[in-house]
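Participant: Quick paste of what TrEMBL says about this protein:
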REGION    1-27  region 'Disordered'
DOMAIN    30-120  domain 'Fibronectin type-III'
REGION    114-146  region 'Disordered'
DOMAIN    149-238  domain 'Fibronectin type-III'
REGION    228-271  region 'Disordered'
DOMAIN    266-320  domain 'Fibronectin type-III'
REGION    300-320  region 'Disordered'
Amino acid sequence: EELYFPSEEPQHEKSQTEPPTSNASPARAALGELRVSGVTPSSVGLQWSVPEGSFDSFMLQFRDAQGQPQALPMDGGSRSVTVPGLSPSQRYRFHLYGLRGRKKIDHVSTEAITAATEPEELPLPAEKPPHKNHRTESPASEAPQARPVLGELRVSSVTPDSVQLQWSVPEGSFDSFTLQFRDAQGQPQALPIDGGSRLVTVPGLSPSQRYRFHLYGLRGRKKIDHVSTEAVTEEPEDLPLPTKEPQQEKPKTEAPTSEATPARPVLGELRVSSVTPESVELQWSVPEGSFDSFTLQFRDAQGQPQALPMDGGSRSVTVP
């Protein structure tokens with residue numbers, strides 16, 4: 001019932017009749033049109049604007065191919081999102097809500113149809129770029145200079161369920177990138193990335209699994225260059241309450257040495273700040289000292305261990 005709010009639309013109309021009251025106008029926030037910026041067989045890119053006021057956060061709601069409601073929370077500074085994990089050749093209706101606190105102030109909707117599956121894209125993609133090179137280089141000497149080039153695709157970090165990749169563009173520029181790989185079940189996946197990106201984190205992977213990633217640089221819809229790499233995800237970590245033992249050991253060693261106490265960083269209470277049908281937002285504090293990084297561990301609905309790495313400056317996270 002959270003998805004299709006007929007009662008929300010009259011509120012949307014009311015807010016448009018509010019201008020007679022001059023006090024309401026400055027506080028009012030409005031959402032611009034929700035546009036489809038790109039589609040692949042398994043994802044849809046969406047963009048929007050906020051022509052008036054500002055929102056604390058956004059919520060994107062839609063039904064998946066099985067008809068199940070899905071909700072994707074975003075911070076108030078977001079103006080675009082890529083919705084992954086969709087099915088090919090499928091029509092989806094997306095509803096974007098602008099929130100102040102927990103209250104939905106405005107909403108816009110749009111529809112998109114995912115692209116058809118392209119099975120020929122993934123097998124042995126490494127053969128294409130060298131073939132293209134010979135064609136463009138022989139007829140015209142100017143072509144190679146105009147052609148953008150991808151640098152090496154490197155693995156910058158791995159966790160049991162994600163891989164972070166980095167690359168460079170030593171020559172020219174691309175309009176966008178597409179990262180292609182096969183998941184643990186052998187299904188092809190495609191992740192669209194904007195042309196300014198040089199880093200991507202691929203979530204939702206399986207532990208102790210080898211993956212081969214293919215990064216394509218695109219001009220318009222045409223693939224100009226591509227690079228590949230392999231990565232093996234980490235083994236799953238033991239989850240059962242690993243914090244108890246270190247906490248007991250540390251006070252014993254700290255008691256004799258008074259200098260050790262100020263140096264030891266301390267985590268504050270872990271609080272649930274909001275929940276949706278498919279996500280939980282958590283917040284915490286660091287009342288003493290500082291940490292280099294954080295790792296959030298939990299078991300998913302199938303009982304599989306999951307780990308979410310975060311930088312040391314983080315104080316909140318949304319678990320989708």
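A Cβ is built for glycine as well, from the same backbone N, Cα and C atoms used for every other residue.
The structure displayed is predicted, hence computed values, not measured ones.
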Participant: Hey, which bits of the same chain come close to the region 'Disordered' (300-320), Cβ under 8 Å, at least six residues off its ends?
Facilitator: 72-73, 157, 159-162, 207, 236-237, 239, 273, 278-286, 290-294
Participant: With DSSP, how much of the domain 'Fibronectin type-III' (266-320) is helix, how much strand and how much coil, in residues?
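Facilitator: When I sort the residues of the domain 'Fibronectin type-III' (266-320) into the three classes, I find 0 helix, 31 strand, 24 coil.
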Participant: What average pLDDT does the predicted model assign to the domain 'Fibronectin type-III' (149-238)?
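Facilitator: Overall, the domain 'Fibronectin type-III' (149-238) comes to a mean pLDDT of 90.
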Participant: DSSP helix, strand and coil counts for the domain 'Fibronectin type-III' (30-120)?
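Facilitator: Reading the DSSP string over the domain 'Fibronectin type-III' (30-120) gives 2 helix, 52 strand, 37 coil.
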